[in-house]
Amino acid sequence: MGEQPIFTTRAHVFQIDPSTKKNWVPASKQAVTVSYFYDSTRNSYRIISVDGSKVIINSTITPNMNFTKTSQKFGQWADSRANTVFGLGFASEQQLSKFAEKFLEVKEAAKLAREKSQEKMETSSDQSQESGRETPSGNQASSLNGTDDEKISHVPDDTALKTENDRLKSVVEQSKKLETELQVLKDRNAQLTDTLHEANSNAESWRSKVTQSQGENNQLRHKISELEDQCKEVNLERERNAQLSLRIQELEADLQEKEQELEDLRKQAETIPQLMSKCESITAKLQAAETANRDLSEKMTLLQSEIDDSQQNQKNMKSELKKFMDALDGKIDELHEVRQSISKLGVDN
């Protein structure tokens, strides 16, 4: 199967300045593809990134490597074989977290692969030692049957032959390893060529996409190019360029967020006609309600005046009724007196 990609992302690539060992130097002018590759032949893992026709990352992962997050969107790792430190700037914290998780996973896999390889080497070494023990015993048996002079002259020859034999075995094994590595390098070269073509096609598509969203970034990039032209030999300006590149990443992330917000606003704008029709309906209902309210207010005013008139009439009627009751009481008293007079007359008669 050879070497196959197992994880791919996009990021801005940086390398540590070899002179200062402090400042970051951009290895890519824009975000490029960064991939994890697994070589089933050698049971190894690598991080590879290509910018155009230039390989900017070719780092074999070992169990001793560590990936460190230095900010929300930036991470780094040291490669002792390449004698450098690589840095990656991502568009979002989520992409950085996924890359770091994959790094840890690949690191553990490389550790297991090394342990299995060591076990195989130890097993092979034990077998060679056992076979080596058998060979000297035969020589010892033959030397016991010889004279003392033969014993003295035979031992150095066996040691020299064994040393030469071990050296020849080492040379043969090294030659086999070199042949295997040569074949692996040929396969990797073919794969890198395919990856290069794929990266070129991806870069073209990405450039076309980036061109559409460069309206707000052209001015900043123009300033960056002017600063780079004016300050190419100044280390302080290199650091500023790295900071500006990180700022571009943040702006691109902000641009994506703004585009998402614009898309949400467009979706909300589609509902504006419905809201306008509802608003007009509610306005008509509100006007009708206001008209009804005015009518009710007028009716309430009339009813209130009628109530006031009725209350005044009731007061007048109560006054007249009281006068009538007082007159009626007087008449009743008069009738009572007449009745008593009639009763007295009856008794007298």
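Cβ atoms here come from the backbone N, Cα and C positions, even for glycine.
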Of 198-218, 303-323, the range TrEMBL labels region 'Disordered': 198-218
Across the domain 'WH1' (1-110), average pLDDT on the 0 to 100 scale: 92
